[in-house]
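Structure, as structure tokens:
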Amino acid sequence: MKLAYWMYAGPAHIGTLRVASSFKNVHAIMHAPLGDDYFNVMRSMLERERDFTPVTASIVDRHVLARGSQEKVVENITRKDKEERPDLIILTPTCTSSILQEDLQNFVERAAISNFLGQSVPATSLSLELEYKKIEKNSNTQVTKSNSDTNRVVLEKQNAIKTNIDVSKNEENPLVDKLSLVGEIKPSFDKGLESDVILADVNHYRVNELQAADRTLEQIVRFYLEKEKKQKNKQNLSLFNLENSLSATKNLVGESSKNPSSLNNASRDFKFDKEAEVFESSSFYMPAKLAYEIEGNDINYFIEKTEKPSANIIGIFTLGFHNQHDCRELKRLLSDLGIDINEVIPEGGSVKNLKNLPKAWFNVIPYREIGLMTAVYLEKEYKMPYVSITPMGLVNTAAFILEIAKILKNIFLVISKEKTAILTWILKTIKFFSQLVTADTLEESVNPNSTSVENLENLYLNYIDQQTRFVSQAAWFSRSIDCQNLTGKRAVVFGDATHAANMTKILSREMGIKVACAGTYCKHDADWFREQVLGYCDQVLITDDHTQVGDMIAQIEPAAIFGTQMERHVGKRLDIPCGVISAPVHIQNFPLGYRPFLGYEGTNQIADLVYNSFSLGMEDHLLSIFGGHDTKEVITKSLSTDSDCSWSSEGLAELNKIPGFVRGKVKRNTEKYARQKNIPMITVEVMYAAKEAVAN
């Protein structure tokens, strides 16, 4: 822990709160001292939204320190459950709660038990027999047990309460099921709190805001998918209802289903027939291998896919850099490619719809900072491929589209060996095809001698060509005289890993601008960042210390900076223009207008930002001649506010004769020379001496 007046990535609980506030009808309770509850103010000030769910702060004060936090935390959970009726309550620990070594997970469980029983539950000496009767009565479950069975269940429950032992495997007992703990996430009870309650599982000493956000999103997704899987196991439901439909089993299982005796174990031992290619039903049309089985405790059930190719967009959340605009552009891009949007999480999503995530054909992860853990989990558990290429810039946008084509190609190879099946989907679903491709182009693109999968790739390449030449102006602008004037100019790039890496590649390979230094504050993603910018910059800086970034900029003296809000402040002090390309940012980077950074429209926005960020020499020269903003007396511009050098009137007069676009650099070099020589007063003679020293 360190005290700082600026941080690129905040503490872990801010990341958890950003994810919780992005979902609809999810309430976060933060257990922290007064002063840590600035998230509500920050979000309401920056995000241009009319409605958002505020975060409740469970304040740690002197009374809590004296009596403990359990009573207050439990009261806040039950109160918010009754008042707000959210779908999910997330209890967010902080560094303070960790320092106090409070068992917040125990508080969550005790809140559920207290509400379930209608009374407070002390830490010791529970009346287990009475509690068992109340639970049995409230659950309306008819259970016949012997006294020995009752005592056994009561003892299991007592151990679970005292030692948090997972007893969820014993699902034959309704009582034990009420107290079941699923993995590392403990759900609320069926008849207690109406909301689900979980504790954010993040280490507040080892992870920052972005890492915590990524982990929290994965935790919530895992919780609801595991919950859905458990409910299907309890209900003993299968997508294909194997026990009651012999014909469906014959179609899918093959010859082994001809023996009716095998149906007794069909739900457990079902294995998909590799020879089957297509499964058709009245509700959906899907590739056979995407109707995969999910192994559960009792049965194996199947996940149905959407009829048309669809994708989940994972990682759009509140306080992100132009996230809302990027989401709109991604939806437009995917729609042009004939791909439906299944779910967008967490921003604007509902936790009740998380069970639908596996229905998509693949996942899109636009930012590495959040969503990657969720994509890896979905790929491992549900065999869902994902695209992690950020479509930022012309080259990466094309690579993003071709990666999608590669995924669809692998899926289509499974769907059917008939060329007409894929070609029909292409012609009917890809919207841009009917708009941009004529009948003559159709005959050229769809070659009867090639496979339909190759036709799909050809159509996507045609789309890339159309968008690059006629929608995006970045390719044309990079060859114009205006952009050529920027060739060879030096720039510094710094920000989160996603935006800094992509901006470095855009400046270097698409606009011909020399990147003197590229850096990121995502120290946990340093290896990936170095790999991405290799060959596109002179040096790499990995740090979360803004003073190191400021010193690096002062030493390099670039023509422009592309960074965060802090680099914008540094640029103002050093008289170097700065374009903001990454969070953290201020309110001016939450525009009301449409300004995406992703997709083909994003390339136009980036080209404008780059061009407008550089100071044009003639512009500053004319301003100094005709009396513009640069006629004031030059003051010291350095990262330190202390200056032991002063300027004589003759020296200032001589300095003001220098054109504005190089005046700042001359002033800094002169002051540097004067400090090295311990010269307190800078005169005209000192200026010329400094000039000779620099020349030598």
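Backbone N, Cα and C atoms are what each Cβ position is placed from, and that goes for glycine too.
Since this is a predicted model, take the numbers as computed values, not measurements.
Per TrEMBL, the feature domain 'Nitrogenase/oxidoreductase component 1' maps to 12-111, 304-422, 452-614. According to TrEMBL, the [4Fe-4S] cluster binding site annotation covers Asp36. Residues or ranges marked as active site, proton donor in TrEMBL: Asp482. Annotation comment: TrEMBL describes Gly617, Met618 as substrate binding site.
Taking all protein chains in view, 18 other C-beta atoms sit within 10 angstroms of the C-beta of the residue listed as '[4Fe-4S] cluster binding site'. Averaged across the domain 'Nitrogenase/oxidoreductase component 1' (452-614), the predicted model reaches a pLDDT of 91. Helix, strand and coil content of the domain 'Nitrogenase/oxidoreductase component 1' (304-422), in residues and according to DSSP, is 60 helix, 20 strand, 39 coil. The residues of the domain 'Nitrogenase/oxidoreductase component 1' (12-111), classed with DSSP into helix (H, G, I), strand (E, B) and coil, number 53 helix, 17 strand, 30 coil.
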